[in-house]
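K.L.:
Residues or ranges marked as transmembrane segment by TrEMBL: 52-72, 84-106, 162-179, 186-203, 218-238, 250-270, 282-305, 317-336, 342-358.
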Amino acid sequence: MGAEARLDTQRLSFHQFSRVKANKYFQPTRRGKVNSAVICSPRITLDEPVSVVFKVYCLSVMTMVAATYTVVLRYTRTISSTAMYFSTTAVCVTEVIKLFLSLGMLTKEAGSFGRLKASIVEHVFQCPKELLKLSVPSVVYAIQNNMAFIALSNLDAAVYQVTYQLKIPCTALCMVLMLNRSLSRLQWLSVCMLCGGVALVQWKPAEATKVQVEQNPFWGFMAIAIAVFCSGFAGVYFEKVLKSSDTSLWVRNIQMYLSGIVVTLAVVYMTEGTQVIQKGFFYGYTPWVCFAVFLASVGGLYTSVVVKYTDNIMKGFSAAAAIVLSTVASVALFGLQITVNFASGAMLVCISIYLYGLPKQDTTKLPRADKDAKQKLITV
């Protein structure tokens with residue numbers, strides 16, 4: 001690859017460069033030779049200006065998906081009068097839907113069925129070690145998703161939404177330990193504030209008057225604690241795997257979801273196998289359950305788009321907005337009684353999310369004016 005091509009690829013994001021290097025869609029010259037400095041795919045550009053309207057649209061959809069998923073899942077576990085469905089089967093169906101969605105995105109990326117087939121054969125059937133490597137986050141994500149059902153069966157949607165933000169300090173800790181990254185003092189301060197806000201919310205959890213099923217807030221909090229740890233570890237592990245090679249993001253997703261289907265099926269068999277055989281795999285499924293499964297499937301894949309086109313500050317606003325929407329919905333649907341502890345803790349969590357997403361300030365380089373002023377002081 002020539003010097004011009006190396007300069008061009010440096011302007012690409014990680015996932016864009018992975019697509020370019022993996023697919024090698026280059027534009028041929030008139031003489032039939034390959035001009036590696038020009039990328040042929042019209043979907044990949046060196047500079048991708050994104051309008052503010054598109055960013056707001058992405059964040060609005062992500063906020064609505066996050067808030068709606070917790071509320072709908074809470075409704076199906078506590079209010080719905082129909083027979084209770086098996087949560088393990090819902091997690092398995094979610095993995096299957098994610099697999100088909102990833103196959104669709106890989107088909108669009110490859111451009112033809114032949115390239116799609118070659119990519120699947122090369123990276124799936126001929127790479128058992130890669131499947132084994134991606135089985136680690138598959139197991140962890142399966143545990144996380146099952147813990148979410150347990151948590152929302154014992155905690156209100158708003159309390160769950162606030163407490164689940166503990167994934168930020170868990171992810172930060174895993175990044176420091178696994179990726180050797182550092183956090184600024186402001187980020188460490190925001191982590192402490194977030195933990196304090198969650199402690200206020202959990203000190204005396206808000207009660208919902210319209211929920212008739214028996215609940216155990218302690219088990220709900222323990223389930224969230226396991227879920228946030230799994231979320232932090234699996235996210236950082238998957239990022240490390242992505243950056244260790246130039247394999248496409250969607251290929252990695254397919255590898256992970258294939259392992260995830262096997263893992264979740266094993267969980268169904270070990271925990272509720274007898275009842276599933278007697279009553280059926282889709283026993284107790286209602287339109288609301290199907291809607292919750294759909295939101296869980298789309299939400300994870302949609303997050304990758306939001307991460308690509310937005311910054312941490314806007315994602316922080318999205319998380320805060322999801323907390324507010326979940327609280328409003330919980331008051332209306334479940335009769336949530338907002339306490340002083342919950343309100344102050346939720347506010348502290350929202351502020352800490354905003355502070356954590358602020359960009360780091362580079363103090364190693366001083367502006368020219370500051371350098372001149374500093375030089376004058378030294379001269380005097």
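Even glycines carry a Cβ here, placed using N, Cα and C.
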K.L.:
Going along the chain, which residues at least six beyond the ends of the transmembrane segment (218-238) come within the CB cut-off of under 8 Å?
P.N.:
136-137, 140-141, 143-144, 147-148, 150-155, 159-160, 163-164, 166-167, 170-175, 178-179, 202, 252, 256
K.L.:
Would you say the transmembrane segment (84-106) and the transmembrane segment (282-305) are in contact under the rule of three or more C-beta pairs closer than 8 Å, pairs 6 or more apart in sequence?
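P.N.:
Answer yes: the transmembrane segment (282-305) meets the transmembrane segment (84-106) with 3 or more Cβ pairs below 8 Å.
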K.L.:
State, in range form, which of 84-106, 250-270, 317-336 has the highest count of Cβ pairs under 8 Å to the transmembrane segment (52-72).
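P.N.:
The stretch with the most contacts is 317-336.
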K.L.:
List, by number or range, the same-chain residues at least 6 past the transmembrane segment (84-106) whose CB is under 8 A from its CB atoms?
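P.N.:
Those are 76-77, 116, 119-120, 142, 145-146, 149-150, 248, 250-251, 253-254, 257-258, 260-261, 264-265, 267-268, 271-272, 275-276, 281-286, 289, 292-294, 296-298, 300-301, in sequence order.
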K.L.:
Report, as numbers and ranges, which residues of the same chain sit near the transmembrane segment (162-179): CB under 8 Å and 6 or more residues beyond its ends.
P.N.:
151, 155, 187, 191, 194-195, 197-198, 201-202, 221, 224-225, 227-229, 231-233, 235-237, 239-240, 319, 323, 342, 345-346, 349, 352-353, 356
